[in-house]
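J.: According to TrEMBL, the NADPH binding site annotation covers S23, W24, R44, R45, Y61, K119, A153, R268, E294. Sequence annotations record features per position, and here TrEMBL assigns sn-glycerol 3-phosphate binding site to K119, G149, K204, D257, S267, R268, N269. For 16-173, the entry in TrEMBL reads domain 'Glycerol-3-phosphate dehydrogenase NAD-dependent N-terminal'. Summarising the annotation, TrEMBL assigns domain 'Glycerol-3-phosphate dehydrogenase NAD-dependent C-terminal' to 193-332. Residues annotated as region 'Disordered' in TrEMBL: 332-358.
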Amino acid sequence: MTPRQESRRGDAQPRVAVVGAGSWGTTFGKILADGGAHVTMWARRPELAHEINEAKRNSEYLPGINLPRSMSATHHLSEALDGAEQVYLSIPSQAVRQNLKAVRPLIAQTDAPIVSLMKGVERRTGLRMSQVIEQELHCDPDRIAVASGPNLALEIAREQPTAAVISSTSQETADAVARRARNGYFRTFVNTDVIGTEFGGVLKNLIAVAIGIVDGVGYGENTKASIITRGLVEMTDFAVAFGAQPETLQGLAGLGDLIATCQSPLSRNNTAGRLLGQGYRFDDVVKQMNQTAEGLASVAPILQLAREVGVAMPIVEQVKMVLDGTMNPRDIAPHLTTDDDTPMGERTQNGQNGGGGALWRSLQRALDQFRHGGRGAAGDRP
Ligand SMILES: NC(=O)C1=CN([C@@H]2O[C@H](COP(=O)(O)OP(=O)(O)OC[C@H]3O[C@@H](n4cnc5c(N)ncnc54)[C@H](O)[C@@H]3O)[C@@H](O)[C@H]2O)C=CC1
Ligand SMILES: O=C(CO)COP(=O)(O)O
């Protein structure tokens, strides 16, 4: 039975499409199917589409996981997108623009929300994925949503209880996507801070690479806790400089994802860092990774963006030096090595963590409520 015929059987169910059948795309497809949708996956390789259809498995990316009957797959993009009321994208960030060129004519007649599940920036332009989508699909930003949070695919595929955040500049779009993408083990919160939500997902990957490096070297919990804490400061400074709400970085898409990714051996960014810390060269690490580690491609564009807005990112700078082979992984540390003699305050550049931070936050909140007719824009809300 073709995916189209199979989906006709479930016509009462809302239909959604997931473009990309790797570990996160397939897991998200399962989330949506377990939430009541009929899901059609687009897989680049026909043999993977065949395995999902016939065996209800994706053994390469999600070993041991049985997929729901209401999930099917095709390697024809047009079949996957046909009639979809929401479209989810889950392919490596560097391949998104090129794939969107094929998606565009196929969804020209619909106004289905487009949801980015990705956590990288485009290397060449430094653009976030929602910006690339807006450019390539020529669509209203209110139609675009992003999903983020502490979401290690295999744990969720095993139905371990997890929270995530769905963000869109349109509250209506965020709510519609959050309602569709939830079930008994996956709870979605919403916000309208797309910049903070996307940058949270991108930046935590870079800090997770740093954690992997020190883990590989053999350093212990003090080093890791120091990097996580100072890493969150770097993430917040960077994102706020680009217009994010600081609260978003304290939520699921910031601190939440930072904790999950830095702690888990399931994280590919963490794993790539660990190999570097063990002494493997960058090229060898890339060869060993058979799944996407977004952080490796995002380091350079993020540092370029940081320089443009004058934000210091000492930990990310050191990750780049280790990747480039210009710093011994043993020398990576949670401080700026060139600034050792100058005592620094611990707070973020926008004044978080202190009295100034509280004042800043209440001013932001007041402004925010004013802008949104009494409702705050940031903070993860059910
Ligand atoms: N795996 C996870 O736990 C999570 C991943 N993400 C994000 O999801 C995105 C996708 O990651 P994963 O699914 O984990 O990666 P993956 O490596 O498991 O799968 C990537 C998929 O994209 C396909 N692909 C690779 N190059 C392509 C190209 N040029 N054109 C079209 N398709 C291509 C692959 O065949 C594969 O199906 C990344 O941005 C990642 O940061 C977000 C949350 C959790
Ligand atoms: O984003 C993730 C968890 O939230 C997955 O992290 P990795 O891409 O490092 O595996």
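Using N, Cα and C of the backbone, Cβ positions are placed for all residues, glycine too.
Values in this document were obtained by computation on a predicted structure and should not be read as measured data.
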J.: Excluding near sequence neighbours, so keeping only residues 6 or more apart in the same chain, what lies with its CB under 8 A of A153 (NADPH binding site)?
T.: S23, W24, T26, T27, Y61, L62, L266
J.: 10 Å Cβ neighbour count around K204 (sn-glycerol 3-phosphate binding site)?
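T.: Other Cβ atoms within 10 Å of K204 (sn-glycerol 3-phosphate binding site): 32.
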J.: Which binding-site residues out of K119, A153, K204, D257 lie by ligand 1, going by a Cβ under 6 Å?
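T.: Going through K119, A153, K204, D257 in sequence order, those close to ligand 1 turn out to be K119, A153.
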J.: For each of R44, K119, R268, count the other CB atoms within 10 A of its CB; which of these binding-site residues has the top count?
T.: K119
J.: Rounded to a whole angstrom, what is the largest C-alpha distance between any two of the residues K119, G149, K204, D257, S267, R268, N269 that the record assigns to sn-glycerol 3-phosphate?
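T.: That value is 16 Å for the farthest Cα pair.
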J.: Taking only the Cα atoms, work out how far K204 (sn-glycerol 3-phosphate binding site) lies from E294 (NADPH binding site), in Å, as a whole number.
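T.: Cα of K204 (sn-glycerol 3-phosphate binding site) to Cα of E294 (NADPH binding site) measures 10 Å after rounding.
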J.: Could you list, ordered by sequence, which of these binding-site residues: Y61, K119, A153, S267, have a Cβ under 6 Å from ligand 2?
T.: K119, S267
J.: Taking only C-alpha atoms and a 10 A limit, tell me which of G149, D257, N269 are near E294 (NADPH binding site). These are the binding-site residues.
T.: N269
J.: Let me know the model's mean pLDDT on the domain 'Glycerol-3-phosphate dehydrogenase NAD-dependent N-terminal' (16-173).
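T.: Mean pLDDT, the domain 'Glycerol-3-phosphate dehydrogenase NAD-dependent N-terminal' (16-173): 98.
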J.: For G149 (sn-glycerol 3-phosphate binding site) and R44 (NADPH binding site), what Cα-Cα distance in Å is obtained after rounding to a whole number?
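T.: Per the Cα atoms, G149 (sn-glycerol 3-phosphate binding site) and R44 (NADPH binding site) stand 26 Å apart.
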J.: Give me the largest Cα to Cα distance among S23, W24, R44, R45, Y61, K119, A153, R268, E294, the residues the record lists as binding NADPH, in Å as a whole number.
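T.: Between the outermost Cα atoms of S23, W24, R44, R45, Y61, K119, A153, R268, E294, the distance is 23 Å.
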J.: Out of D257, E294, which has the highest number of nearby Cβ atoms, where nearby means within 10 Å of its Cβ, if these are the binding-site residues?
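T.: In terms of Cβ crowding, the pick is D257.
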J.: I want to verify one value. Collapsing DSSP to three states, which class is S23 (NADPH binding site)?
T.: helix
J.: When DSSP states are folded down to helix, strand and coil, where does A153 (NADPH binding site) land?
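T.: Looking at the DSSP assignment, A153 (NADPH binding site) belongs to a helix.
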J.: Find, among the binding-site residues listed as S23, S267, N269, the one whose Cβ has the highest number of other Cβ atoms within 10 Å in the structure shown.
T.: N269
